[in-house]
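Annotation comment: Swiss-Prot describes 13, 16, 35, 38 as Zn(2+) binding site. Sequence annotations record features per position, and here Swiss-Prot assigns ATP binding site to 131, 132, 133, 134, 135, 136, 137, 138 based on sequence analysis. Here Swiss-Prot flags 1-54 as domain 'ClpX-type ZB'.
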């Protein structure tokens, strides 16, 4: 048994040698003792080693099919966009992590090709074009969760050129660093999603002598970080000044996904695609409104919309999303893993109450979202308004077993049906 000096009653840790008076706790084993400080040190060592093992597992890159399947579990519709994103993201992280991302002997095979040794693969940032509420942001968030990389969302409308009132573009990078818990190395392999990118389009198609600090000026400021540069970021955000320290982050391996609704872009696409005749006698090929979709977009359309050529050139992957149909919006409510209806059913079950939505109610919720023109984004606020009175009352009652929502309830023409708990128990007993 571990002792100190002449004192038979003074015990010490068998690992660090500290006496029981020098530590808070001494735990006894068969002939040995360990103090609380050594236990804490052991836990840190174990966590560090497990963390390194987890990081090693994360280097195995999922295939485009696996990425697509993951998106399918959470996002309804937009199959073309999901396939395009899966391939683009796979190629990006394959470029970042190298051949070891796929395992096997690929690294050895690559070194055998002398003609490819000095080839540098360029970065492929992504531009997503589509109406509001169609799932652009959610697609990017789901991608980042699957790849387990830091993810930051920025709003392009708040950005201005350096020296003007508003946010510098470097503040976008600060959000990514914060999402990585200030681990710059981890942040350098993250994803930045910039929304409302169409709001920084050039105010005029022709260059102007007047300064456009929130439009073309922001596009110019974004060019370097999109392409890849070592940026200096103020750790607390805000404007730069010479007497502060900066965080240095290399954006060469940061994947940028920029997105916007691009209202009016369909008219630009239509004017290009719908008039193919040349000369006075040539027939004009008129297209109807339904014949033009975002999927027909080309770089020259974005140029005419107001994006500068250099900015478009740094976004080589262009993918489009379309308005969700009525049936797809109903599926958004019920089918994904984190479906809105499932979320509310879980919340109600925490109070011991089942929640049921009739098919007519789901259709009514979607009809209201379509009337507002907000797409899937408006579904939660409609559900919240419908269920708010019930959610206020239920925690105070213990006699309710099930709440049934009909279409009339959603339309404000009736009250929810409350089935007593006893009736619900008997009903479940018969079905069992």
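Positions of Cβ are set from backbone N, Cα and C atoms, glycine also.
Recorded features from Swiss-Prot, shown on the structure.
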residue	record	DSSP class
13	Zn(2+) binding site	coil
35	Zn(2+) binding site	strand
131	ATP binding site	coil
137	ATP binding site	helix
- prompt: What is the total of other Cβ atoms whose distance to the Cβ of residue 134 (ATP binding site) is within 10 Å?
  reply: 25
Task: Give me the Cα-Cα distance between residue 133 (ATP binding site) and residue 38 (Zn(2+) binding site), rounded to a whole Å.
output: 54
Field: Candidate binding-site residues 132, 134, 135, 138, pick with smallest Cα gap to residue 16 (Zn(2+) binding site)
entry: 138
Cβ-based isolation winner (fewest other Cβ atoms within 10 Å) among the binding-site residues 16, 38: 16
Neighbouring binding-site residues, C-alpha within 10 angstroms of residue 131 (ATP binding site) - of 13, 35, 38: none
Statement: Comparing the Cα of residue 135 (ATP binding site) with the Cα atoms of the binding-site residues 13, 35, 38, the shortest distance belongs to 38
Task: Determine which residues of this chain, when 131, 132, 133, 134, 135, 136, 137, 138 are set aside, have a Cβ within 8 Å of the centroid of the ATP site's Cβ atoms, and list them as they appear in the sequence.
output: 130, 321, 375, 376, 377
Field: For residue 137 (ATP binding site), nearby residues of its own chain (Cβ under 8 Å, 6 or more apart in sequence)
entry: 153, 193, 195, 259
- line: Rounded mean pLDDT within the domain 'ClpX-type ZB' (1-54) lands at 79
Message: Nearest of the binding-site residues to residue 132 (ATP binding site) by CA-CA distance, picking from 13, 35, 38?
response: 38
- prompt: Given the binding-site residues 131, 135, and counting only Cβ atoms in the protein chains shown, which has the most within 10 Å of its Cβ?
  reply: 135
Statement: The number of other Cβ atoms within 10 Å of the Cβ of residue 35 (Zn(2+) binding site), counted over all protein chains shown, is 24
Field: 8 Å Cβ shell about 13, 16, 35, 38 centroid, Zn(2+) site members excluded
entry: 14, 15, 17, 18, 23, 26, 33, 34, 36, 37, 39
- line: Within 10 A of the CB of residue 133 (ATP binding site), the number of other CB atoms across every chain shown is 24
- line: Candidates 134, 136, 138 (binding-site residues); nearest Cα to residue 13 (Zn(2+) binding site) turns out to be 138
